[in-house]
Amino acid sequence: MGGLNDSAVTEIVLLALSCSWEKKLFLILICSLLYLGVILGNLFILFLVIFDSHLHSPMYFLLANLSLIDVGLSSTTVPKIITDLLNEYKVISFQSCMTQICFIHIIGGVEMVLLIAMAFDRCTAICKPLHYLNIMNPKICVSFVITGWVTGVIHAMSQFLFVINLPFCGPNKVDSFYCDFPKIIKLACTDAAKFEFIVTANSGFMSMGTFFLLILSYSFILITVWKRSSGELSKAFVTLSAHITVVFLFFTPCMFLYVWPSPPPSIDKNLFVVDFAITPVLNPVIYTLRNKDIRLSIKRLHKRISNSKFC
């Protein structure tokens, strides 16, 4: 029982996917539409940033990486849910379950670092505009992305190395749509209290710490702008509102799931939908509606397409 390959449990049954045929059809439709929105919306942002030279700046480089990460985060769970809803047996192999958990936490770690990087970018742009391009140079931007991936891998592996050595010898049913550390630890044939504490200390404190750091950063920016010129406060708030909205959408489910490791199944399922489907599909909408540069880029793209039709 010393490792993953020695586990007596070979598959995990996902009870949340067992429902009436009518509810299955509804879930398939909703999940498919949300996932299609995630793919099209985020890849569209990525396309705009890559091919529009006006968006070749640090802020949009980070936004493009965030869009790519949102596609990855949603893809770790939603396609599997759709296929499971179409199948009679709602199971995932133990190895696939562990792989899914690792990808969720790696990508989650990357997204946290990217959100910190985007807050730092806005803080620099608003508080030190004359030094912005020197501070947010290409090397720093790439360093943020690399740091995100390194942080994500360390974050995931630091928990995975504990879980991989737990004995799983009997229970294999989880009342959820997907695999995650708090749920899988409860299936172990051992006292799981200390391992639940490790998950809470790692994922929970990381989520809460990052959330409060971001809120403090944006508060500092708004206070700085207000002290400089109260008339600029509303303009700064409009600029930052998209970032603040994304922060609340991403971190609220994370803090509930990991600081409160045993939420009622109904809350857990609703938080899953928010974190893995609604937030990734809303991010492109939020940044598009609240961002003048993105709207102008869309207009330029539309104009270019219209002109090409008449040529």
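Just so you know, glycine gets a Cβ as well, placed from its N, Cα and C.
The feature transmembrane segment is assigned by TrEMBL to 25-51 (among others).
For 41-287, the entry in TrEMBL reads domain 'G-protein coupled receptors family 1 profile'.
Only residues 6 or more beyond the boundaries of the transmembrane segment (58-78), in the same chain, are considered here, and those with a CB under 8 A from a CB of the stretch are 31, 34-35, 38-39, 41-43, 45-46, 49-50, 100, 103-104, 107-108, 110-111, 114-115, 117-118, 121-122, 125, 136-138, 140-141, 144-145, 148, 177-178, 272, 275-277, 279-281, 283-284, 287, 293. Residues or ranges marked as transmembrane segment by TrEMBL: 58-78 (among others).
Remote same-chain residues near the transmembrane segment (98-120) are listed as 4, 59, 62-63, 65-66, 69-70, 72-73, 76-77, 80, 92, 141, 144-145, 147-149, 151-157, 159-160, 163-164, 178-181, 184, 203, 206-207, 210, 213-214, 217-218, 243, 246-247, 250, 254 (criterion: CB distance under 8 Å, separation of at least six residues from the stretch ends). Under the heading transmembrane segment, TrEMBL lists 98-120 (among others).
Per TrEMBL, the feature transmembrane segment maps to 140-164 (among others).
Positions annotated as transmembrane segment by TrEMBL: 205-225 (among others).
Long-range neighbours of the transmembrane segment (237-259) within the same chain, counting only residues 6 or more positions beyond its ends whose Cβ lies under 8 Å from a Cβ of the stretch, are 108, 111, 115, 118-119, 122, 126, 180, 182, 199-200, 203-204, 207-208, 210-211, 214-215, 218, 221-222, 267-268, 271-272, 274-275, 278-279, 282-283, 286-287, 290-291. Annotation comment: TrEMBL describes 237-259 (among others) as transmembrane segment.
Under the heading transmembrane segment, TrEMBL lists 271-289 (among others). Sequence-distant contacts of the transmembrane segment (271-289) (same chain, six or more residues past either end, CB-CB distance under 8 Å): 31, 34-35, 37-38, 41-42, 44-45, 63, 66-67, 70-71, 73-74, 76-78, 176-178, 242, 245-246, 249-250, 252-254, 256-257, 263, 295, 298.
Counting only same-chain residues 6+ beyond the ends of the transmembrane segment (205-225), those with a CB under 8 A from a CB of the stretch are 109, 112, 115-116, 119-120, 122-123, 126-127, 155, 232-233, 236-237, 240, 243-244, 247, 251, 254-255, 258-259.
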